[in-house]
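Presented below is the structure to which this report refers.
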Amino acid sequence: GAITMLLTDRNFNTTFFDPAGGGDPILYQHLFWFFGHPEVYILILPGFGIISQIVSTLSGKQVFGYLGMVYAMISIGVLGFMVWAHHMFTVGLDVDTRAYFTAATMIIAVPTGIKIFSWIATMWGGSIRSITPMLFAVGFLFLFTIGGLTGIVLANSGLDIALHDTYYVVAH
């Protein structure tokens, strides 16, 4: 439906998204993020698998909490479809909508934390080989943890609005 609306706006001069013709540009933003946001969460899943393989192999241990890691990856993929509007806190969403997207976004921190702590537990007490792939994986863990912590802050719609258009968001 969204692509049809966009194509008719561009080719047949309809005004689904043009406010001058009674359209709603916020609707376009919802449609954009509804597609674009889950994509990001799905695209990171193979990267998680690569990090798990590197950490496990170069620590000489099995992945800690393997079943929990699988469930965490599935829940991240599913929850990614439910949080698109956390990129839209400044467009005038009502309080109840912002509260839902705040809570749903914060919930993603749980499976993400499971993954981080499982990777750390996999390395703990292992025979770690400090070669380039492992150093990359450890750097990823550090940056992903910082991104996750700043993401929890930005999940709060009130703080997100205050921090909008700042380097804090860029750093996240």
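Every residue gets a Cβ built from N, Cα and C, even glycine.
According to Swiss-Prot:
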BINDING   HIS37, HIS86, HIS87  Cu cation binding site
BINDING   TYR41  O2 binding site
BINDING   HIS164, ASP165  Mg(2+) binding site
BINDING   HIS172  heme a3 binding site
TRANSMEM  31-51  transmembrane segment
TRANSMEM  63-83  transmembrane segment
TRANSMEM  106-126  transmembrane segment
TRANSMEM  134-154  transmembrane segment
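Using the Cβ center of HIS37, HIS86, HIS87 for Cu cation, the list of other same-chain residues with Cβ within 8 Å runs, in sequence order, TRP33, VAL83, TRP84, ALA85, MET88, PHE101, THR105. Of the candidate ranges 31-51, 63-83, 134-154, 63-83 has the most C-beta pairs within less than 8 angstroms of the transmembrane segment (106-126). Over all protein chains present, the Cβ of HIS86 (Cu cation binding site) has 24 other Cβ atoms lying within 10 Å.
The DSSP secondary structure for HIS87 (Cu cation binding site) is helix.
Each of the binding-site residues HIS37, HIS164, HIS172 was scored by the other Cβ atoms within 10 Å of its Cβ; the lowest score goes to HIS164.
Straight-line distance linking the Cα atoms of HIS86 (Cu cation binding site) and HIS164 (Mg(2+) binding site), rounded to a whole number, equals 12 Å. Cβ atoms under 8 Å from those of the transmembrane segment (31-51) belong to residues 2, 5-6, 73, 76-77, 79-81, 83-85, 87-88, 115, 119, 137, 140-141 of the same chain, restricted to positions at least 6 beyond its ends. Away from its own ends, the transmembrane segment (63-83) comes close to residues 37-38, 40-42, 44-45, 48, 52, 55-56, 101, 104-105, 107-108, 110-112, 114-115, 118-119, 121-122, 124 of its chain (Cβ-Cβ under 8 Å, at least six residues beyond either end).
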